[in-house]
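The domain '3'-5' exonuclease' feature in Swiss-Prot is assigned to 51-222; the stated evidence is sequence analysis. Swiss-Prot lists Asp76 with the feature Mn(2+) 2 binding site. Annotated Mn(2+) 1 binding site per Swiss-Prot: Asp76, Glu78, Asp210, in sequence order, evidence recorded as similarity to another entry. Summarising the annotation, Swiss-Prot assigns domain 'Helicase ATP-binding' to 499-665 and lists sequence analysis as the type of evidence. Marked as ATP binding site by Swiss-Prot: Met512, Ala513, Thr514, Gly515, Tyr516, Gly517, Lys518, Ser519. Summarising the annotation, Swiss-Prot assigns motif 'DEAH box' to 609-612. Taken from Swiss-Prot, the feature domain 'Helicase C-terminal' applies to 690-842, supported by sequence analysis. Annotation comment: Swiss-Prot describes Cys851, Cys878, Cys879, Cys882 as Zn(2+) binding site. Annotation comment: Swiss-Prot describes 930-936 as region 'Interaction with DNA', evidence class similarity to another entry. Summarising the annotation, Swiss-Prot assigns domain 'HRDC' to 1098-1177. According to Swiss-Prot, the feature motif 'XLM' maps to 1422-1436.
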Amino acid sequence: MTSLQRKLPEWMSVKQQEDRIDDAKKSFCKKNILEDNLPFMKFNGSIVYSYESNDCSLLSEDIRSSLLEEDVLGFDIEWPPVYTKGKTGKVALIQVCVSEKKCYLFHISPMAGFPKGLKRLLEDESVRKVGVGIEGDQWKLMSDYELKLKGFIELSEMANQKLRCKEKWTFNGLIKHLFKEQLYKRKSYRCSNWDIFLLTEDQKLYAATDAYAGLLIYKKLEGMDAHESDSFRVGREGVADCKGVKRQLTDLSKGLMDLVNQVPNSFGCYTEAVRAVDILEDLSEKLEELRNIMKEASKAEGNGLHFQNSEDCSKKDKSILHVACKESLAEHKMDCKNADSQNNKDIDSCQNENRDEDFFMTLGISEEELYMMEREDDKKQTNPDYKLNKDSCDTNEEKDMSYVIESDEDFDSEIIKSLEDLDNSTEEALGTGVPQAGLIPAKSVDTVADEEEDEGIEEEDDDDDWDPSMPEPSAQHISCLKTYFGHSSFKPVQWKVVHSVLRERRDNLVVMATGYGKSLCYQFAPVYTSGIGIVICPLISLMEDQVLQLEMSNISSCFLGSAQSKNVLQDVKDGKMRVIYMTPEFCSRGISLLQDLDNRYGITLIAIDEAHCISEWGHDFRSAYRSLGSLKRMLPNVPIVALTATASPSIREDITKSLNLHNPQVTCTSFDRPNLYLDVARKTTNISIDLRQFLIKKQQGSGWEFEGATIVYCPTRKTSEQVTAELIKLGIACGTYHAGMGIKQRREVHHRFMRDEIHCVVATVAFGMGINKPDIRKVIHYGAPKEMESYYQEIGRAGRDGLPSCCHALWAQADMNFNRHMLGEIPNKGFREYKLKMLTKMEKYLNSSTCRRKIILSHFEDKQLRKASSGIMGTEKCCDNCKTRLICNISINDTEDNLQDFGPQAYKFISAVDVLGQKFGTGVPVLFLRGSTSQRVPDRFRNHSLFSSGKDQTEAFWKVLARQLITEGYLQESSGQTKFSTICGLTSKGSNWLIKANNEQCPSLLLPSNNELCLQRTRVSNFSSAQAHSSMVPHASSNTRSSMPKAGPEKMELKDKFSYQEAERLSKAAGVSKSSFKLQTPCKLSRPPEPEVSPRERELQTTLYGRLVVARQKIASERDILPAVLATNKVLVDMAKLRPTTSENMKKLDGVSEAKSAMLAPLLEVVKEFCIANSLKVDVFSGSVSQSESTFFTPREQERISLPESQRMSYSLFQEQNLSLKKIADVRCLSMAVVGMHLWQALKAGYSFDVQRAGLTPEMKKLITYAIKKPPINSDLSSFKAIREYVPANIDGYPIRMVISLLEKEGSSGAQGQPEFPTQKTLIQTEENPKNVSVQNTKHKVTMGKSMWIEKKPTQPATAELEVTKGKALAPIMLASWNEASLDADTEELFSESQSSTTRPRRRLPEWFGSTKGNAATRCIQESKNLGEEKGSFFD
C-alpha cells in the first residue's frame, strides 16, 4: 500500500486485533444511555446572523470588549461538502456562542474577504475558545485563510481529564453522556451548502446549537467536582444484559408492525411525509449499526471471550467511546470534513488528530460498507434530480429565536432571499438555460418598465380635510393630546388610525413616511384610555429614546429586553406602565405575561413597529417577527397596529397574513419628504474646496461651521478620515465613524453627536442604524451612492423634525467605476446583476437634468406612495434641477431642447457590441471602434467594416456614450464568467432600435444632454463648430462649485450648475434681473413667517434662536438627555417668532406638553431678557396684540394677505418672471386651470397682475359681467355655482372667479366712500364741483410692482370741465354693493331707461364696453349705443 493510497482505520489493521477485541469487550460493559427517545438539545437564545464584513468586524470587537477573564466562547465552523477528489470546501460559517442566551453566526462566504475584526478575535490568545475537534478546526482555518486560531481548549481532552478516561469523544457523544440529551440533526442541512447565501432557519439553528453545546460541555466539566466526576466516568454503568436487549428488540419490532398498519394511502400528500422518510432512513442506519454490534459480539464469544461482570469490563483504563456508535453515519462532522480530508493529502496530514476524523475511523462498519457509502455519494452527485430532491426535503419550520443583524444596505436581504429561491427553483434544477450573454427576456421587460416607471408621478391632494364620514376628535381628545404630547391637533392619517383603534377596535396596517408621526398613532390610545399599550420594536436604542421622551411627558413607560438594567417587570405586572416596549424575542416568550395584563387591566392595543421585518421579502427580515402571528390567536379582542415606513403591496399582504390581522384598515402616506432639498454636483480632488460651499462663517471667532447638524457619508474608511482631517483644519468640531474603529470610540462619537457636542459626523454607511436625531440639517454624500434604496434611507435621516433640510451628493465618474469594481466581489451572480442594475439607476439619477424627486419616487412601485407632496414639485425647494429651470425659464416639456442627436455614433457602438457577440464589457467595443491593436480585440474581428470606424471620436467620448446608452436602457451590463468581469449586451429596446436603424440611411437617436458627452463631442468637432460654441464650453466644463463658502443661501454660480445645453439658455435669460425673482433657500432653518416681518425683526429672530439653542444645550447637559428630546428645533423656531414669556403661552407652541413646559421654563427668561434689550414685542400670539404693534409693516403691505407657497410660486413666475400660464403649467407639472386658480387666489389676496394676460380677455369679462347683472343672478355674487350655470361652458372657472373678485373689490371701495388706496388721489378736482367728479376721467394701470399700485394719469385739461349729473337721476343699480361710488353714463344707460342728458367728456372707455366681436349676447349689449373708437382697459 503506497503513501498515496487512503489510510485504513485502526480497527481494520491486523496489528490492532487485540485492541479491537478489548474494545468489543468494553462495549458490553457500558450502560446503554443512547436511546432514540432522548430529548433533543435546542438553543433557545437569540441568534445574531451577520453576512457583511463591516458588521462582522463591529460585532467581533464588541465581543472582545465585553468578555470577562473567566468567560469562554463556544466555537465551531462549517463548510460545504465537496466530493471531488483533490478538492476541499472552504470554511463558510464561523459560530461563536458567548452565553446561553446569545450566539453569533458569521457567514464568511458572501463577504469580500475575511473580516479583520473577527480575525483579531480568533487570534487573541486571551479569549478562550472551546469545542470538540477544535484543533482540526485550527488547521482548517490556517489552510483556508492563513489564520492561526489561538487560545482554544479541546473539550475531548478536558473530558478525559475530568472523567479520568481516554475516549475519543464527539459533540453528540458528550452531550448524550453528560446531559442525557442528543443533538437534533437532519441530512437535509447537516451536509448542506453552507456557502449559499442566505442560510435557512434550520441551518442557523443547527450551527448555533453546535457552538452552544460546546459552551455547555465546558461549563459542565469545569464545574464538576470529584464525586460528580465519578458518577459520569465511562465504564461505571451497569451491564446491558442479554434479556434486556432482546426485550427491547421485541418491543421495537412490535411497534414497527403496528406502524405499518397505520400508514394511510394518502400519506404522501401530508406535509410531514418528507420528515417521516428521513426518520426511517436514520432508523435503518441505526439498525445496521446494531446488527454490526451483534456480529462483533458473536465473533468475540466464539473466540472464548466471555465477560462475567462490569468489573471485568473495566480493568483497563483505556476504553473506546461506544456512546457514539449509534450516531448517523452521515453526520456533518463525520461526512463533510472527512470527504475533504480523504481527498487532500495536506489537509489529511493536518487533521489526523481531528476528533471527527478519528471517530469516523472507529465506527463499527466494514470496508465494504465504507465503499458503498462513497458509491452512494458519487451517485447522488451525478443524479440531476439530487439537488431538487434535497431541497424539497428541507422543511421551512419557523424558529423564533434568531434575528438578522441590521445593516444600512437594508434591501440586500430581500433580493438575496428572492435570488436564493430562484436558484432553488424547478427550472434551474431541470437545467433550464439562459440566453447568451445573460440576456434574459424578463430583464428586457424590466428595462422597458424602468423607462416608463417615472411616469405618473403626480402631486398628492391636500390631506388637510377630514373624512366627512369620520367624526372629528372631541375636546377631551385634543386636551389629552396637548397635555401629554404638546400638539393642538391630529394629522388626518393619525386621527384615522387612533379613531379606528378607540371606537372600532379594528386592526390597522399603517405605511407612513419617516417624520410623519407614526409613534403618536400607538402612544395616544393607551394614554387616553389609561390602559396599556404594547409596542414591539426591533432596536433597543429606539426603544430607549422613545421611553425617555414619554417619561419627560409624565407618561409611565419602560422597555423589556436583554438590555434592560432596571427591575421594571414588577411594575409592569402591577399595571403601572401605560406604554411597554419589548423586543420581538421577548414577546415570543412572554405571551402569558400579555394575557395576564389583558385579563387584569386590559390592553388597549399592540403596536408592531418596523413591521416590514415580518415579511421574508422585506428589506430587513427578522425571523422572530414571524412568531408574532400568535398574538392575534392569543388576544383576539386586542387591536393590532402594524407600522412601517416602507412596504410594497406584496409585503403589506404578507404582513397581514403573517400577523393574522382581521379586516385591517390599511393607511398609506406618500414616501415623499417635501422638506428635503435634493442637490447633485461634481466633486474635485480638493476636499476642502468641495465642502466649503456648505459652510458659513462662525458668528464669534474665526473658522467655519455647518448650518446645523450634518452627516457626511464617504465610500471608504480612508476617505472618511481624509475628510475629517480637512474639516478639522477649517475649525469644525467633527468626528469619524467607521467599522475600523473600536466599539468605545464609535459609541463616544455617537454620544457626542446626539448631544450636539459635535455638529458633524464623517462616516461610512455603518453610521445611522437606529439613530434618532430629528434635527439633522444636512446629509452630504462625498462620493457616488451605490443604490437608490440605501440613498433614500441615508438622506431620510435629515429633517425628521419637519424643518427644511438639504441633501447633497458630490460625485465623480471614478466613484461609479470604483463601485462597479467592488460589485465584482459579490459571489452570487444573480445578486451581482441586480446590484449592477441598481448602480445604473443611481448613475441615471446623478446625471439627470429632470426632477430628482420624481426619479426617487419612481423607484417605488406603489402609485400611492409615489405621489409627491402638494406644492413642492417644480419649485426652487424641490431640487437643483427644478431650481435651474425656474431661473432660466426652461419648460419641463421642452425635452427637444435638452436632447441631442447621437444617432450615428450610437449606431456604431451598439453595432460593435452586437458584432462582438455581446461577450465583452464596454472597453473592447471602444478599442474595436478606435482600431486599436490591443490583444483584447480578437483578430477575427479586425477585418470587419466597423473596425476603426470610430477614430473621429476620442476614447473618452465612446466611454461616456457607452455609459449613457446603458443609463437610457439601450444596453445593459450583466455578470461575466468571473466575479470581476461584466458583459455588455443589448436590451430589447436596444435591439429594436438597431433593427430600425439598419433600414435607415441616417439613424437618429436623441439622448439627454450630458456635460461630459457634449464636452467630449465638442473637443473633436471642426474648428468652426468649436468657435460657434466656444462661449458654451466653459460652462459645460465647469463641474465644480464655487470654492469660497458663502454665508447666504446661494450655493454656486449659475454657470457652474448648468449642463452643456443649458448654458445657451443662460445667455437668453441674462436680461432677467436677479431682484425680480428672489428664491427662497431650502436651507433655512425656518420657514418665512407669515405675514412677512421686517429685516430688523428677522435678524433679531435669528439671533434669539441661536441663544435658545445654547440655553437648550445647557439644560440638556444638566439633565443628561438629548437636546432634541428636550425641545426640537421647530419649537425653538416658534419661540423665536412668537416670543412667549409665560408658561401658558409656552404651552400654545406645537410640541410643548405640560411636563415639557416646566422643563423649558429657563428659556422664557432668555426670551424676556433678549426682548427687553432689543425693544422687541413679546407674546406675539393671534389676538394678543394688534398687527401694527407686533410687526413693522408699511400701510401698503398691510393690504396684502399672505399666500400659500404653491400659489406664491405661480404668482411669482407669472408676474415677476413674465411667464405665460402654459409655461408655468409646464414648469410646475400642473394644469392651466390650477395655475389660473392660483392667480385668482393671488388677486383675491390683494396681489396685482395683468388679468388680460392671465386669460381674462375684455370680451370674456364683459360677457361674465353681463351674466352676473341680468336675472336671475341680479348681481348676487354669493353663489359661484349659480353664476357658473349662466356662463358659457367653454369658459374656465378661474376667469369667472376673477371677475367676481374684481366686482367685489369695486363694490367694497364704493361702499366705503373713500379711495381704495389712500396714498393715491382718485378724484379729479374741478373748480365747479370738486367733490362730485367721478373717477372715470382717469386711466387705471396695474403695474408690475409687489403691491396693487394704481397709477392715475389726468386726461387733457379740455375734457376735465364736466357738467355733473344730479343725484336724483342716478340709476337704481347704484345701490349694488360691487359698484363704484359713481359710474359713467354709458354704464348706467344699460340698466336704466330714463337717463338725464349729460355732456360727456372725451375719454377712453373700458375695453369690455367697446368690443364689436364676441357672441350674440355681447352684440346685443351694443345695439343702443355706438361706442367710441378709442378703446381702453382698466387693466392694460
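Quick reminder: no glycine exception, Cβ is built from N, Cα and C everywhere.
Swiss-Prot feature annotations superimposed on the structure.
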residue : record                : DSSP class
Asp76   : Mn(2+) 2 binding site : strand
Met512  : ATP binding site      : coil
Gly517  : ATP binding site      : coil
Cys851  : Zn(2+) binding site   : coil
Cys879  : Zn(2+) binding site   : strand
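Considering only the binding-site residues Thr514, Gly517, Lys518, Cys879 (Zn(2+) binding site) has Thr514 as its nearest partner by CA-CA distance. Here the Cα atom of Ala513 (ATP binding site) is found 17 Å from that of Cys878 (Zn(2+) binding site). Contacts between the domain 'HRDC' (1098-1177) and the domain 'Helicase ATP-binding' (499-665): present, as 3 or more C-beta pairs lie under 8 angstroms, all at sequence separation of six or more. Within the same chain, residues at least 6 positions away in sequence whose Cβ sits under 8 Å from that of Asp210 (Mn(2+) 1 binding site) are Asp76, Gln95, Phe171, Leu183. Residues 920, 923-924, 947-951, 955, 958 of the same chain sit 6 or more residues outside the region 'Interaction with DNA' (930-936) yet have a Cβ under 8 Å from a Cβ within it. Same-chain residues at least 6 positions away in sequence with a Cβ under 8 Å from that of Cys878 (Zn(2+) binding site) are, in sequence order, Tyr677, Leu678, Cys851, Arg852, Arg853, Ile872. Here the motif 'DEAH box' (609-612) has Cβ contacts under 8 Å with residues 509, 518, 522, 535-539, 542, 618-620, 625, 642-647, 651, 655, 659 of the same chain, all six or more residues outside its ends. In terms of DSSP secondary structure, the motif 'DEAH box' (609-612) contains 2 helix, 0 strand, 2 coil. Sequence-distant contacts of Cys882 (Zn(2+) binding site), defined as residues of its own chain at least six apart whose C-beta falls under 8 angstroms from its C-beta, comprise Cys851, Arg853, Met873, Gly874, Thr875, Glu876. Broken down by DSSP into helix, strand and coil, the domain 'HRDC' (1098-1177) contains 60 helix, 0 strand, 20 coil. Other residues of the same chain near the ATP site, with their Cβ within 8 Å of the Cβ centroid of Met512, Ala513, Thr514, Gly515, Tyr516, Gly517, Lys518, Ser519, are Ala645, Thr669. Per-class residue totals from DSSP over the region 'Interaction with DNA' (930-936), listed helix then strand then coil: 1 helix, 0 strand, 6 coil.
Residues Leu678, Arg852, Arg853, Lys854, Ile872, Met873, Gly874, Thr875, Asp880, Asn881, Lys883 surround the recorded Zn(2+) site, their Cβ atoms falling within 8 Å of the Cβ centroid of Cys851, Cys878, Cys879, Cys882, which are themselves excluded. Mean model confidence for the motif 'XLM' (1422-1436) is a pLDDT of 38. Ranking the binding-site residues Met512, Cys879 by other CB atoms within 10 A of the CB puts Met512 at the bottom. Taking the Cα atom of each, Glu78 (Mn(2+) 1 binding site) and Lys518 (ATP binding site) are about 42 angstrom apart.
Long-range Cβ neighbours of Thr514 (ATP binding site) (same chain, at least 6 residues apart, Cβ-Cβ under 8 Å): Ala645, Arg673, Gly796, Arg800.
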